[in-house]
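K.L.:
The structure that follows is given in the form of structure tokens.
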Amino acid sequence: MSGTKKVGSAGRFGARYGLKIRRRVAAVEAKMRQKHTCPVCGRKAVKRISTGIWQCQKCGATFAGGAYLPVTPAGKAVRRITE
């Protein structure tokens, strides 16, 4: 695993690109890699398959979402309007 305890996955960049950007990348990737809630079964078992494609490990539901998170702010607003 590349990186260190302090910077996580952004350690692969070394001293390049600046601290602020590397911290931002590490934060986004940490959120992306955690388990998310499935919109079908409600379990915390959703993982990213590819860019914008998410799949529940429990029920097998596959759906499109954001590039780094399964639910985007725009998607939340649309869902709120339609319900």
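Using the three backbone atoms N, Cα and C, a Cβ is placed for every residue, glycine included.
I grabbed these lines from Swiss-Prot:
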BINDING   C38, C41, C56, C59  Zn(2+) binding site
ZN_FING   38-59  zinc finger
K.L.:
Can you see whether DSSP assigns C56 (Zn(2+) binding site) to helix, strand or coil?
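P.N.:
DSSP assigns C56 (Zn(2+) binding site) to strand.
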K.L.:
If you average the pLDDT over the zinc finger (38-59), what number do you get?
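P.N.:
Computed over the zinc finger (38-59), the mean pLDDT is 96 on the 0 to 100 scale.
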K.L.:
Write out, in the order they occur in the sequence, the residues of the chain not among C38, C41, C56, C59 that have a C-beta within 8 Å of the mean position of the C-beta atoms of the recorded Zn(2+) site.
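P.N.:
For the Zn(2+) site the neighbour list reads P39, V40, G42, R43, A45, V46, Q57, K58, G60, A61.
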K.L.:
Just jot down the residues in the same chain as C59 (Zn(2+) binding site), at least 6 apart in sequence, with C-beta under 8 A of its C-beta; none if empty.
P.N.:
C38, V40, C41, R43, A45
K.L.:
Just checking, which of C38, C41, C56 (binding-site residues) has the fewest C-beta atoms within 10 Å of its C-beta?
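P.N.:
So among C38, C41, C56, the binding-site residues given, the one with the fewest Cβ atoms within 10 Å is C41.
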